Amino acid sequence: MDSSTLSRIGLAGLAVMGQNLALNIAEKGFPISVYNRTTSKVDETVDRAHREGSLPLTGQYSPREFVLSLQRPRSVIILVKAGNPVDQTIAALSDHMEPGDCIIDGGNEWYENTERRIQQISNKGILYLGMGVSGGEEGARNGPSLMPGGSYQAYSNIQDILMKVAAQVEDGPCVTYIGEGGAGNFVKMVHNGIEYGDMQLISEAYDVLKHVGGLSNSELADIFAEWNSGELESFLVEITADIFKVKDDIGDGYLVDKILDKTGMKGTGKWTVQQAAELSVAAPTIAASLDCRYLSGLKEERENASAVLKEAGLNEEAGFVKSGIDKKRLIDDVRQALYASKICSYAQGMNLLRAKSDEKGWNLNLGELARIWKGGCIIRAVFLDRIKKAYQRNPNLASLIVDPEFAKEMVQRQGAWRRVVGLAISAGISTPGMCASLAYFDTYRRARLPANLVQAQRDLFGAHTYERLDRPGAFHTEWTKIARQSGTGVAALN
Ligand SMILES: *[C@@H]1O[C@H](CO)[C@@H](O)[C@H](O)[C@H]1NC(C)=O
Ligand SMILES: *[C@@H]1O[C@H](CO)[C@@H](O)[C@H](O)[C@H]1NC(C)=O
């Protein structure tokens with residue numbers, strides 16, 4: 001083949017994300033070859049490229065032809081289901097690749113799988129990137145947030161493409177080299193965990209406004225639209241406003257009220273919580289959002305429980321609109337509670353990233369990660385610019401909560417935050433995400449916790465020893481013996 005007709009890059013795996021990313025790359029002027037085992041997928045993509053503006057995209061029908069249609073060093077993005085399909089695709093393509101070529105996995109892969117593949121394929125001299133891609137279908141087509149990790153050389157080979165293809169914000173394209181090994185996948189995983197938290201917190205704000213405040217769907221649409229022009233401006237708040245506007249097309253009322261209250265999930269949220277536990281990092285808001293998805297899945301059990309507890313005499317008042325509520329005040333309070341809860345959730349996610357970075361030596365730049373999430377991805381929000389600046393001010397910031405600006409905002413909002421959570425609790429409306437965030441804040445900010453008592457208990461039953469506030473060393477006390485000897489001990493009461 002004449003080298004001038006070779007494509008700059010290739011993409012294999014033409015499901016929704018793959019097709020859209022391929023068209024995006026072609027549209028930015030980079031000739032691309034596409035491949036999928038299912039030939040109809042190739043035809044479909046070629047057809048779309050033609051219809052969407054005669055884009056420089058070529059369909060290929062065998063792994064060999066596909067690989068040979070690329071300029072060297074070859075770069076191939078694969079977008080197939082995580083796990084085995086990735087290994088199969090790598091096997092099919094790498095047979096035809098040469099040392100210096102590169103495979104870029106754009107799926108939501110477990111970071112350790114990427115690290116294993118980096119090792120395996122390095123035997124053939126092939127480079128590898130695990131690249132988080134966020135933004136769904138729309139983002140892939142018009143500008144996603146990209147989180148490439150692995151071989152820096154491989155990143156350099158396609159940096160110009162990634163910079164053009166990524167979402168653009170005022171301080172640059174939403175892509176950066178994340179770090180070695182599985183760093184890109186890991187960062188994408190935590191992004192998704194944060195996304196779980198955001199969605200949970202928004203759903204709680206909705207629940208409180210609807211069930212405590214008695215707001216209608218059209219009022220909710222207006223409130224969320226209004227919030228989207230302030231500190232909460234974000235993709236998720238924007239789409240939430242839209243959701244409340246959609247009428248049911250096969251019945252009366254609004255569509256949102258007809259949707260079964262069972263949440264699906266694909267695993268990145270669970271991984272985030274597992275990793276937090278592995279690294280001893282508290283991530284209660286993200287964990288609460290995961291627990292809520294599990295509980296939502298028990299629809300039938302919850303219906304039964306509702307009936308049993310009603311039978312047992314549970315006050316019907318719980319869960320009903322409070323009379324005499326000041327709607328305007330409630331709406332303003334919920335906005336503040338949502339914002340403060342969100343700061344705590346991001347603080348957890350960022351600290352998880354920091355802990356993993358320290359463990360793996362990834363050298364993650366947290367401010368830069370916040371920056372590349374400002375556009376393209378699902379958690380994109382104006383607020384991420386503030387996070388970026390917080391880490392620019394102090395790259396070693398222990399927690400977002402103690403950044404001077406965020407600290408001020410948390411303090412300003414805590415009254416509203418406590419009112420919302422208190423009101424929800426007394427109304428029997430569960431707000432696990434907001435409660436987890438508030439408890440995280442209150443636990444983190446308190447110089448003294450009741451952990452002294454836990455240490456005493458551990459020393460009593462397990463001789464685990466304890467430290468003292470007033471002198472160094474490990475101490476052990478015969479708690480029971482002393483307590484029961486002394487006149488005021490437990491035994492003396494018998
Ligand atoms: C091709 O398409 C099918 C079905 O859409 C998919 O399951 C498969 O993983 C795709 N990828 C490749 C590389 O063949
Ligand atoms: C719910 O209750 C019904 C009727 O008692 C029972 O048949 C069903 O197994 C229960 N479901 C669950 C998931 O507990």
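The backbone N, Cα and C atoms fix where each Cβ goes, and this holds for glycine too.
Annotations in TrEMBL come from automatic prediction, not curation.
Small disclaimer: the values here were computed from a predicted structure and weren't measured.
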Asn108, Ser134, Gly135, Gly136, His191, Asn192, Tyr196, Arg293, Arg458, His464 show up in TrEMBL as binding substrate; which entry in Lys258, Lys266, Lys327, Lys328 does that record put in the same site? Lys266
Cβ neighbours of Thr38 (NADP(+) binding site) where a neighbour is any other Cβ within 10 Å: 10
Recorded positions: Lys188, His191 - member with fewest neighbouring CB atoms within 10 Å: His191
Cα of Lys81 (NADP(+) binding site) to Cα of His464 (substrate binding site): how many Å, rounded? 47
Most Cβ neighbours within 10 Å, among the binding-site residues Ala15, Met17, goes to Met17
Got a sec? Which of Lys188, His191, Glu195, Tyr196, Arg293, His464, the recorded positions, have CB under 6 Å of any ligand 1 atom? none
Taking the Cβ of each of the binding-site residues and counting other Cβ atoms inside 10 Å, which one has the highest number: Lys81, Arg293, His464? Arg293
